[in-house]
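Feature annotations, courtesy of TrEMBL:
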BINDING   His2, His50, Asp134, His138  Mn(2+) binding site
DOMAIN    1-58  domain 'Manganese/iron superoxide dismutase N-terminal'
DOMAIN    65-146  domain 'Manganese/iron superoxide dismutase C-terminal'
Amino acid sequence: LHHSKHHATYVKGANDALEKLEEARSKGDHAAILLNEKNLAFNLGGHVNHTIWWKNLSPDGGDKPTGELAAAIDDAFGSFDNFRAQFHAAATTVQGSGWAALGWDTLGNKLLIFQVYDHQSNFPLGIVPLLLLDMWEHAFYLQYKNV
């Protein structure tokens, strides 16, 4: 359901926004250009974020990382347990809709944890996203039905 409905809606929304953006540009409709640029950013962000997220999932779950990633986590957070605690805090304190994220800071050469609001892919400059956790209601509402 998440892939076939929610993610697919972002892909369709991005494609629709691209078509409408092209039409608005050809007509010189500046208000429509701005609206469709915003719609494109939202939907394309949803697509990109979900594409990264799918690659983070495993049917067998995960375990502590090894090698370079483990060393980078220890360097940035002191331990894997500290990383988990900080990532958990980032995820559970997202206000509204968004994502918890772990990224590689190419300027500081270290890992950072941050929050992404909505789907705007508002990653800090120089950050390469490595791990994303979808904190939108649609990511877990089937498990935790709220009536």
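Including glycine, each Cβ sits where the backbone N, Cα and C put it.
Automatic prediction, not curation, is the source of TrEMBL annotations.
Around the Cβ of Asp134 (Mn(2+) binding site), 26 further Cβ atoms fall within 10 Å across all displayed protein chains. Around the Cβ of His50 (Mn(2+) binding site), 23 further Cβ atoms fall within 10 Å across all displayed protein chains. His50 (Mn(2+) binding site) falls within a helical segment according to DSSP.
Taken through DSSP, the domain 'Manganese/iron superoxide dismutase N-terminal' (1-58) splits into 53 helix, 0 strand, 5 coil.
With DSSP classes pooled into helix, strand and coil, the tally for the domain 'Manganese/iron superoxide dismutase C-terminal' (65-146) is 27 helix, 24 strand, 31 coil.
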